[in-house]
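The block underneath contains the structure these notes are about, expressed in structure tokens.
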Amino acid sequence: MTDDPFDPFDDALALVNGVFGPPRAPSGRGDRSGEDVWRAGPAARQDPRGTGDPRPQPPPGRNRPGRPAAAGATAPAQRDTGPGGPLPAKRPSPGGRTAPGRTGAAPAADHRVRRDPDWDTARDLAHHTFRPLLPVPRTLDRVLGHTLARPLTALTDLPAFDTSAMDGWAVAGPGPWRLDEGDRVLAGRPAARPLTDGRAVPIATGARIPEGATAVLRSEHGRPGRGHLHGPGPEPGTDIRPRGQECRTGAELLPAGSVLTPAALGLAAAAGYDELTVHPRPRAEVLILGDELLHRGLPHDGRIRDALGPMTGPWLTSLGADVLVTRRLGDDAEALFEAVATTRADLVVTTGGTASGPVDHVHPTLHRLGAELLVHGVAVRPGHPMLLARLPGGVPLIGLPGNPLAAVSGLLTLAAPLLRALSGRPAPEDRWARLTDPPRPHPRSTRLVPVGILEDGTARPLSYAGPAMLRGIAAASALAVVPAGAEDAPPGHVRILELPRA
Ligand SMILES: Nc1nc2c(c(=O)[nH]1)N[C@H]1C(S)=C(S)[C@@H](COP(=O)(O)OP(=O)(O)OC[C@H]3O[C@@H](n4cnc5c(N)ncnc54)[C@H](O)[C@@H]3O)O[C@H]1N2
Ligand code: MOO
């Protein structure tokens with residue numbers, strides 16, 4: 001990594017759109033849709049209705065979560081909260097087990113913990129081990145940033161009828177035309193009387209073309225007077241948007257897995273939808289660990305400012321999560337245990353405490369909870385001690401290392417693919433760039449290096465990229481993925497991970 005503070009490339013930073021290859025699936029910022037799915041507290045783990053299903057039953061008035069569905073599947077959808085009252089009170093279970101959630105882990109063929117898998121394997125595990133959150137139907141005003149669980153197919157032809165593209169006159173045949181001034185056709189009105197050859201009628205943009213009309217003459221091209229309209233005869237079809245020009249009923253407009261952007265909401269409305277079936281944005285809880293952390297003012301007496309609290313939530317938001325809360329727990333093992341055991345999030349993210357120091361409580365807490373450790377360290381620098389676990393009940397937990405750039409590495413290595421999985425989105429496509437100045441590869445680990453993207457599309461490694469630093473990444477537009485390898489084979493073209501923007 002270029003830790004050299006005199007690195008001449010440090011300030012030469014430019015971003016060019018499109019340097020990362022073909023455009024990505026659209027991304028959107030999320031709304032806060034609130035608590036939409038009932039989650040049981042651990043105390044509700046019995047089978048009060050005698051259904052034989054050990055999963056908790058919802059209180060009266062709430063619909064019960066179904067089983068997790070495979071990506072794109074059309075499992076029975078959950079309803080949003082009805083008038084069912086507040087969520088069950090949050091309390092730790094005697095056994096410290098987390099409640100089953102609206103997410104679930106796919107039946108893993110291999111339950112062994114992966115110790116230090118290579119970087120691609122770790123990302124793959126994060127994407128493939130967990131299933132999407134259950135699809136829910138939601139009205140259009142509540143789905144921004146959520147993911148389509150089913151393809152968006154047109155419920156109507158678009159346009160639904162032949163439409164005037166301009167203000168002017170609908171004309172039938174060549175001019176001049178007899179003008180029926182009284183019969184003007186406005187948008188949103190029922191069909192006008194049919195036009196016979198040689199006649200014209202005033203028409204507005206968006207209005208239905210009368211039967212018999214052959215073209216629209218724009219208002220600036222026609223001269224009306226004495227009951228007649230004069231002007232150049234437009235080619236047949238001019239300024240008419242024919243029915244079905246954009247799509248026919250049943251055409252697929254967006255595939256399942258698309259993130260609902262503002263434009264997608266508009267398209268869905270135009271295509272006739274009142275509500276959509278979506279994988280909701282996963283709800284995340286962030287737990288910041290470390291007694292040394294200050295939350296205001298200057299560092300003093302060996303204490304430092306918490307850099308991960310302000311960063312992790314927004315980063316998760318930009319990766320597609322709804323962050324319920326960021327909690328600062330110090331190095332209190334009991335507080336960590338209780339927070340994890342009682343979480344109501346779909347994903348728990350901790351920062352710090354992943355290593356084996358005297359107050360590194362993440363691993364012991366997972367052990368005490370009976371969590372399944374899926375990834376224990378990743379062969380990546382920085383970020384090596386990151387971890388991924390499945391809590392009892394199926395909720396995933398990501399442990400980010402405390403060194404700030406190492407935490408960023410964990411966000412992009414584990415949280416990004418995992419959030420895509422929970423949202424029913426495919427793994428991200430690879431993007432590539434050429435490095436101006438290839439950093440030395442690590443012999444056994446992938447290196448993630450903050451880079452600026454120059455105008456010609458090349459990527460330039462930035463300074464101040466040590467594991468404990470944020471200066472480089474804050475100025476970067478991407479992280480370059482430098483594969484492990486021998487020093488005599490410096491990477492030229494490398495994969496690039498785009499960083500979220502504000
Ligand atoms: N004996 C070993 N020690 C360490 C190893 C190792 O392999 N063997 N790995 C090192 C690496 S690599 C990393 S990364 C860190 C990870 O440690 P933890 O996840 O346990 O994190 P902490 O010990 O709590 O903190 C590490 C470092 O980061 C600072 N920190 C923590 N949280 C924040 C925050 N919210 N904002 C700013 N800075 C934070 C903390 O003060 C420490 O300086 O372990 C190495 N050790
Ligand atoms: O891998 Mo640690 O994450 O370098 O500081």
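Just so it is clear, glycine is given a Cβ too, placed from its N, Cα and C backbone atoms.
Some features that TrEMBL has for this protein:
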COMPBIAS  29-38  compositional bias 'Basic and acidic residues'
COMPBIAS  66-81  compositional bias 'Low complexity'
COMPBIAS  92-108  compositional bias 'Low complexity'
DOMAIN    285-421  domain 'MoaB/Mog'
REGION    17-114  region 'Disordered'
REGION    219-244  region 'Disordered'
Cβ-Cβ under 8 Å with the region 'Disordered' (219-244): same-chain residues at least 6 beyond its ends: 157-169, 171, 173-179, 181, 200, 209, 213
Counts of helix, strand and coil residues, the domain 'MoaB/Mog' (285-421), according to DSSP: 46 helix, 42 strand, 49 coil
DSSP residue counts for the region 'Disordered' (219-244), split into helix, strand and coil: 3 helix, 8 strand, 15 coil
